[in-house]
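As recorded in TrEMBL:
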REPEAT    1-43  repeat 'LDL-receptor class B'
REPEAT    44-87  repeat 'LDL-receptor class B'
REPEAT    88-131  repeat 'LDL-receptor class B'
């Protein structure tokens with residue numbers, strides 16, 4: 001298995017084997033402040049959140065190729081990101097808008113607000129079965 005992570009200092013997304021070997025940079029261009037990543041191994045997708053000048057939710061293949069922006073409007077500080085593998089939905093939380101939202105992970109369409117709070121400062125989100133878990137600061 002592999003593990004993917006963001007490097008805030010160098011604005012990269014990297015991957016390595018679980019034992020730390022075969023480490024390499026997956027995405028090095030076009031990132032300003034990557035925050036979180038989620039991987040869908042079966043579909044071969046890597047998703048990430050971006051806090052930079054143009055906050056967004058992005059998707060690429062696991063090797064970093066074919067980058068696309070799935071969401072770029074109505075987000076500010078997208079933090080955590082999570083995949084619902086059964087429903088093929090991508091969830092993220094935004095610390096600025098105080099929302100958890102979701103989209104179809106293939107098309108980026110059917111955007112929905114799942115939870116909207118006030119003064120919550122959402123930091124991470126996880127989806128498992130029928131449940132959504134989140135943390136705030």
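Just so it is clear, glycine is given a Cβ too, placed from its N, Cα and C backbone atoms.
Across the repeat 'LDL-receptor class B' (44-87), the DSSP tally of helix, strand and coil residues reads 0 helix, 23 strand, 21 coil. Note: the repeat 'LDL-receptor class B' (1-43) comprises 0 helix, 23 strand, 20 coil (DSSP; helix = H, G, I, strand = E, B). Secondary structure of the repeat 'LDL-receptor class B' (88-131), assigned with DSSP and counted as helix (H, G, I), strand (E, B) and coil, comes to 0 helix, 25 strand, 19 coil. Mean pLDDT across the repeat 'LDL-receptor class B' (1-43) comes to 92 in this model.
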